[in-house]
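Here is what Swiss-Prot records for this protein:
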- 1-36: region 'Disordered' (REGION)
- 15-36: compositional bias 'Basic and acidic residues' (COMPBIAS)
- 339-381: repeat 'WD 1' (REPEAT)
- 383-422: repeat 'WD 2' (REPEAT)
- 424-455: repeat 'WD 3' (REPEAT)
- 456-497: repeat 'WD 4' (REPEAT)
- 500-538: repeat 'WD 5' (REPEAT)
- 584-623: repeat 'WD 6' (REPEAT)
- 640-671: repeat 'WD 7' (REPEAT)
Amino acid sequence: MASTSTALPVRTKRKLENGKKKPKTPKDEFGEKLDVKPVIKPADEYDYDSSDEEDLRNTIGNIPIQWYDDEDHIGYDKFGEKIAKPAKKGEIETFLEKMEDPDYWRKVFDKQTGTDVKLTDEQIEKIHNIASGKYPTIGYNPYEPFLDIYSSQKEIHPIDNRPEPKARFIPSKDEMRMVSRMVHAIKMGWAKGPKNKKEEPKAYDLWASEDALDNVTKSQLSRMRVHMPAPKVALPTHAESYNPPEEYLFDDEERKKWEEAEKEDRVLNFMPSKYDALRKVPQYDKFITERFERCLDLYLAPRQRKMRIHADPTDLLPDLPNPNDLRPFPTTLAFYMRGHTGQVRAISVEPVHGELLASGGEDGTVRIWMMATGRCIKTFQMDGEVTSVAFSPVADRTLLAVAYEGKYVAILNTGCGDRLHVQQTETLLAETPTESQEDGAIVTWRKSKDKLVLKMPNEVRQVTWHAKGDYFASVAIDDIAKSVYVHQMSKAKSQCPFQKRKGHVQAVTFHPTQARLFVATKIHVREYDLARCVLVKKLITGCKHISSMATDANGENLFLGGLDRRFCWMDLQMGNKPWKKLKHHTAAVRSVAYHKKYPLLATVSDDGTAMVYYARIYSDFSKDNELYPVKRLRAHERTSNDLCMLHTTWHPTQPWLITTGADGTIALFTY
């Protein structure tokens, strides 16, 4: 049955614009629209967040650019189109951009986009910080001042001043229950204490009373205090092994020698024997004897406690001054004087000005050298090898005494220097009365051209002048009684002051101010008074073989060099024994020289060194003489017969040292 009804209004849905509902417009009670401001929602951080990949202008993706090095493009964009490579700039464009663009220095090339990116000030500052080793963050200070909140200031009030709770002052009920249970267990006998350990019986100490110091007397305490342990037995050596090496076993000759020797003379008190195994070694038959001798040694041999002084070795060395404070002394090799062939055995310097140097060598020549230039200005050919030369100490005479092999001594006129002095020397040689000598004289004088020649009975080792220049002495090489002769030039006479042999004479020298003669044998030096012909003093040198001798300017000190490598300083006013004995050389000392003006002393040796000493001699008896080594000089080479430096002398006015060598050279050392 159809019924009629009124049509109900159908509610239609409002169309959405752009798929969104239109917001309702708020109205008031009268139906008028209200002016409502929209509420701004907080922005979502993911709406504006973007990664580095999304910010790239070249959206080819995060792929290596080198994949497209051989292609004409650098990738594809989001639409699939090829992205062409940007055109490369030429050198001219790059140069123009560098000149015209003021921001060129802050641009970098970005491989991802293929373009130049301009760096900001913040980025540049970060780069500078990284390059200089600083933190990249701008303005970051890693050393901020530490703010000590609690201990920087002294507080008078506590930080937490809450009062103690009341429960702290009330006894604990739990503890009360525990104590009551323990008391009840003790009353009932349930609580048991720790078990007592059974004491084990102790061993009786037999020596307890010996160790106790209660009943020890004072004498026993003193003996205990100074007790010295017995020396230990020496450890066995290889020879005492049951299987020693073959070199420790005796052969027939050594066995016979050991059996024939006395017990005290034997190096070993047993004969080494060899066994293959330790089980084959028999019982030692001398065991009880050695133990008994050991007991006798401990019982009879007294022991002595030696107090050792623990001192630093450097404290025992004397304090040496700075060598720079002791200058001048020779330090540098100035030049060599070459001309001799073979050994240069002797040299002598003109004693007043030191302008001339005379040298004699194994080649039989005597050469005169200019000291300033080292040039040889004159040469004398002798009839034998020259052994000694000596300039006359008189200033106005150009005399030179030369000893050479063939048993001759010659007095030469060097012919060098002042012409007036040369003429006076020629006149002196011509006026020497060689014809007035007695018949049968041991030493004969004769004139030969411009020189005097003395025929000696033996080969001459050395010639030396007296300070006044009229007397000179000669020493023979042979060990005979008449080995020393004193010659007087003004009378052309020679005499032997010693008729008895006192030893093998090695060197002689005159006292510089008195009529005395020093004669050096191998181990002694004797001082003779020539005026009274008596022995003044005999000196004990301590050398085993004296080789050279020299005196100071006053004749109060004597300097000796020996073939036993020793150098001795004899102070004649202190006694007959050396004041100083030094052993700075490793070979024989050949010559000693003392400077006339400076406190300098020199020794030369076969080890190829010349030792220079600072030798100060005081006239004040309250001061001791000073001797300090200051320099070691080297200039000559050692020959096959182990000879090197043979002679030395000082320049009379300068601190210059002249040395001769077996290599045929003459060396001059200056400061």
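Just so you know, glycine gets a Cβ as well, placed from its N, Cα and C.
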Can you give me the average pLDDT across the repeat 'WD 2' (383-422), rounded to a whole number?
93
Best-contacting stretch, by C-beta pairs under 8 Å, relative to the repeat 'WD 1' (339-381) and drawn from 424-455, 584-623, 640-671:
640-671
With a Cβ cut-off under 8 Å, give me the same-chain residues at least six positions beyond the ends of the repeat 'WD 3' (424-455) that come close to it.
396-399, 407-413, 415, 474, 482, 485, 487, 489-494, 496
Residue numbers, six or more beyond the limits of the repeat 'WD 4' (456-497), whose CB comes under 8 Å of its CB atoms:
387-394, 397, 399, 401-409, 411, 432-434, 436-437, 441-443, 445, 504-510, 512-513, 517, 519, 528, 530, 533
